[in-house]
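Engineer: Not my notes, these are from TrEMBL:
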DOMAIN    10-327  domain 'Acyltransferase 3'
TRANSMEM  12-30  transmembrane segment
TRANSMEM  50-71  transmembrane segment
TRANSMEM  92-113  transmembrane segment
TRANSMEM  143-162  transmembrane segment
TRANSMEM  169-187  transmembrane segment
TRANSMEM  193-213  transmembrane segment
TRANSMEM  220-238  transmembrane segment
TRANSMEM  250-270  transmembrane segment
TRANSMEM  277-294  transmembrane segment
TRANSMEM  314-336  transmembrane segment
REGION    362-386  region 'Disordered'
Amino acid sequence: MTTDRKPRLAALDGLRLVAALSVAVFHYTTFWAVDGVHTPAYYLPQASRVTVYGFLGVELFFMISGFAICMSSWGRSLGHFFASRASRLYPAYWICIVITLAVTSIFPLGGYVPVNDHFSLSDIAVNFTMLQYPMHVPDVDNVYWTLWVELRFYLLFGLVVAKGVSYRRTVIFCGVWMVAAAVSTTVNSTVFTMVTVPQFAPCFVAGIAMYLMHRFGANPLLWGIVGFSWLMNVHSLSSRVQIKPGWHVPLWPAVLLITLGYAILLLIALGKTDRITWRWLTVAGALTFPYYLLHQRIGYILIRHGQEHLPVHLAVLVAATVLIMLVPAWLVYRFVERPFGPRLRRALTSGLNLPTVPAQRNSGSLHLETGPPAHRGGGQLTDANR
């Protein structure tokens, strides 16, 4: 007897981990003063010129998000879509706010570190909503800015989900969004720019188009969407490299790296990595969200204290911190996300009076029964990609 099992896309989880680690290395080796006076480039002059491109992990995150959200929303109602997103993000986000506030209160950072260590209760309360950016409230941790980008993507893609996700509607969405994002750079409208997310729209569109390739097979139209998104991404990179770390950041390595990211995600989409089924990648992918939320301020505290009290080179401190931060990320995943995410999802589903989505649990994965796809299969969702 044979069964038609969809691949779990473990390689997608591994790519998520690569994106998270690259952002962490970028933060640890580029800007904030590690000794209260000097930036990491003072101690790592050559390495910093390479690790500075770790900021591209954000673009990679958004590409993966486009792929994963399109995959997870197929066959779901709008209510199920938002219940899934809220239950995936908020439990880890809430506890990471608490952990970050606790650690930074006990070990405050000072000296050439552009962060606010003093938050009012109202500031903290607004942070718990994840809407601090549009309300002009400071983030508890600087990395939270990307969450507002993600939320806008969810709201936009929710328009497709509301009508029912299909190949045709999704392709139209990609085309309209890219055109709107391009137009927004020429009009003087803050609201239109906020809605269209012009800087990162190409990343999400690329991921969505690649998922359509994965599900239905590649065709000239989808290749065209991916190609146009790449061109728009290259244009956006010209401003992204203007981060002024203390030296000129050349554009060409960023273009090379974003192209590599496209190539790897395309390999995943086209099934070239289906043989990669290492189970540890599933866990690694699940750790990326809490890791990203916790790594910056707490990681810098570890590096700062290590720099002051341990006779080791900064490169060793950075490498150790990158690995050490996996521990609290795993704890959040194991004791917060796994038990409370499903509970919140059930509560929201019940509160919205939604029917239960048929699902099959298999080794920590969620397999949505949405009917046979037209081509390869929809892929199997891991905990990291729900």
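Note that Cβ sites are derived from N, Cα and C of the backbone, with glycine treated the same way.
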Engineer: Do the transmembrane segment (50-71) and the transmembrane segment (193-213) share at least 3 Cβ pairs under 8 Å, sequence separation 6 or more?
Structural biologist: yes
Engineer: Under a criterion of three or more Cβ pairs within a distance under 8 Å and sequence separation of at least 6, are the transmembrane segment (193-213) and the transmembrane segment (92-113) in contact?
Structural biologist: no
Engineer: Express the predicted model's confidence over the domain 'Acyltransferase 3' (10-327) as a mean pLDDT, rounded to an integer.
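Structural biologist: Averaging the confidence scores along the domain 'Acyltransferase 3' (10-327) gives 94.
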Engineer: Are the transmembrane segment (314-336) and the transmembrane segment (12-30) close, by which I mean at least 3 Cβ pairs under 8 Å that are 6+ residues apart in sequence?
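Structural biologist: Judged by the Cβ rule, the two regions touch, with the required three close pairs present.
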